Structure formats: structure tokens, C-alpha cells
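First the structure, in the form of C-alpha cells, and then the observations on it.
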Amino acid sequence: MIAAESSRCPAWFITLVLLSLLVLAASSSGRNRSNPCIDGSYDHEGRTCCLCGAGLHLEEHCTANLQIGKCKTCPKETYSSHPNYQESCEPCTSCSQPNANLEVDEPCTPARNARCRCKKNHYCSSNIKPCIICNPCKVCDDGIKVACTANSDTVCNEKNEEDNKVGIIIGIIVSMLVIGLAVGLACLWKRRRDRKRRHPVELTDFNGPEEQSQFLRAPVVDLQPHLPDIAEVIGWRDMEGVAMRSTIPNAAIEACQMNHPGNIQEATLELLKIWVEKNGREASRKLVQILQRSRKRDTAEKVMDILSRPNNNPA
């Protein structure tokens, strides 16, 4: 009898478990029948329609209560990441904007937007996510202290102060050498220019046989009757050169120009008169010699022709 009672206990227990399962199944079925929309619902024209799932967009609304309308997969390069009843999907984020320095981390799918990341050797300095623009990492000449990451720039080693001092000293020395060289060249040029002004072309009598063959030998004659003709042949520029080589003061040369503004011929004639007065009896010979030494042989020959005309009286 005791054995019979013990055999009936498992039957009671099994029956209780089965009844509980039936109640739970009926409750769940009732809930599903009351709201069959798995992803949620929305109201349209007095009806409750089911939302389209992620990766889909709505093409047509439902025609009966608690039904799903016509949904369609998002086209390429678009997505919808949540259940919705939108008639179009969102455009995918582009990782190829010019100068943004981005690349694709995760590609775009119908149910998920694309994710971008900084290119190699670039970092994002903004706290806004996702990053819009990435900057190039700093290049360190003295070594890297902290490497560049996706969110932080490179930290370089601090420059050695001794190296900085050496660089500054070298820079100062080079600058001083350059300045010294420039000053030296300027002084040398000025010294040569002053020497030329203080020591005009030396005039000789060309007594040697070689010099006699190379240079014209002008007669010593009185230049006064020929001054207008000689001034016309020489011209202002050559006459100015002759005067400067004969240590005629610059003030006297400039005065000739100022006394005859716009009349070069008269200015040349006045300067020639001053030069002749300074050189005296040997003026004719010295004039031809200076012109030849100034590589004005054609002009010297023309002066010689004037001096060789008949009725020239020796000075």
C-alpha cells in the first residue's frame, strides 16, 4: 500500500507541471494575437500598422489593422539602422571627402552606416564622434617620446639645450663672416675707386719703339682755334671721361652742365676750355694720349686730323 501511494506522487507532480506549461503557452499566444508587430507599430489613417525592420524602408502602408505594409531593402549606399516607417533610407557616410584624411573602418550595409577612421600617420583632434577631419601626425627630428595614435598627436623628445646653443653660436659666426666679407669687399671697391680718382692715367711721351707703333703721336699746337671742332668730335661723354682722368673736380664738370641746360655742345666746349687751361702747352698731345688710353682711337684720330690742318701754329 505504501508502495502504491509512492507511485502516485510523481503522477501528481507531472500533472502540475503540464498544467503550468499550458497556462504559459496560452498567455503567450494571447499576447501575440493582441499585438503581432515584432518591431513596433505606428498609426496611419485610423489603422495600426507594423514598422519595417532595420535595413528596410516603407513602400506601401498596411491595408488592415495590425499588419505590416510593403517594405523594401535599402538601396546601395543607403541604410536604416532602426525599425521605421520612412519612405526612404539615410545616405551612407562617405569616408573619401577631399583633405579629410579618412578611410573606411566598417563598410555601409542596409542596416548599418559606414564607420570611418583616420588614415595611417593621422589623428583626430576633435572630441566629436565620428571624426570629420584628421590631421597629419607631427614628424620629430629628435626622436619620438609618445607615438601618434588615432586620437592624439606625436609627442617629440625635447631638444637638447646644448645643441640649441651650438646652433645659435654657429649661426652668429656665419652671419658675422658674411657681414665681414661684404664690408671688406665694399671697402676694397671704394678704395680702388678713390685710387683711380686720385691717380689719373699717367701721360708719357711714348718714346719707346713699341709705344710709337701702337699710339698716335700728336703735335704740340695751340688748341684755342680748334676748340669748337674738337668739342663737336669728342662729345660730352668722352669729354667728361677725359676731365675725370685729369682730376678736374666733379663740381666743375657738373657746373658745365648746369650752365648750359639742354645744350650738350656748349657744355662740352666749356669743359674742354677748362681742361685746356689746366694742361697748358701740352694739352694737344695729352688729349690725344688720353683718348687712346681710353680706347677711343677713332676719336683720337679725328682730333689728330683737326690738329693736322694747314695754318696750325705750334704752341
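Backbone N, Cα and C atoms are what each Cβ position is placed from, and that goes for glycine too.
The number of other Cβ atoms within 10 Å of the Cβ belonging to CYS89 (disulfide bond), over all protein chains shown, comes to 21. Per TrEMBL, the feature disulfide bond maps to CYS74-CYS89.
On the 0 to 100 pLDDT scale, the domain 'TNFR-Cys' (73-116) averages 93 in this prediction. Per TrEMBL, domain 'TNFR-Cys' is recorded for 73-116 (among others).
Mapped onto DSSP helix, strand and coil, the domain 'TNFR-Cys' (117-156) counts 0 helix, 11 strand, 29 coil. Per TrEMBL, domain 'TNFR-Cys' is recorded for 117-156 (among others).
Per-class residue totals from DSSP over the domain 'Death' (248-307), listed helix then strand then coil: 51 helix, 0 strand, 9 coil. As annotated by TrEMBL, domain 'Death' applies to 248-307.
Among the features that TrEMBL reports, repeat 'TNFR-Cys' is placed at 73-116 (among others). Helix, strand and coil counts under DSSP for the repeat 'TNFR-Cys' (73-116) come to 0 helix, 15 strand, 29 coil.
Same-chain residues lying 6+ beyond the ends of the repeat 'TNFR-Cys' (117-156) with a Cβ under 8 Å from its Cβ atoms: 93, 99-105. Sequence annotations record features per position, and here TrEMBL assigns repeat 'TNFR-Cys' to 117-156 (among others).
The annotation transmembrane segment is assigned in TrEMBL to 166-189.
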Number of other Cβ atoms within 10 Å of the Cβ of CYS74 (disulfide bond) across all protein chains: 23
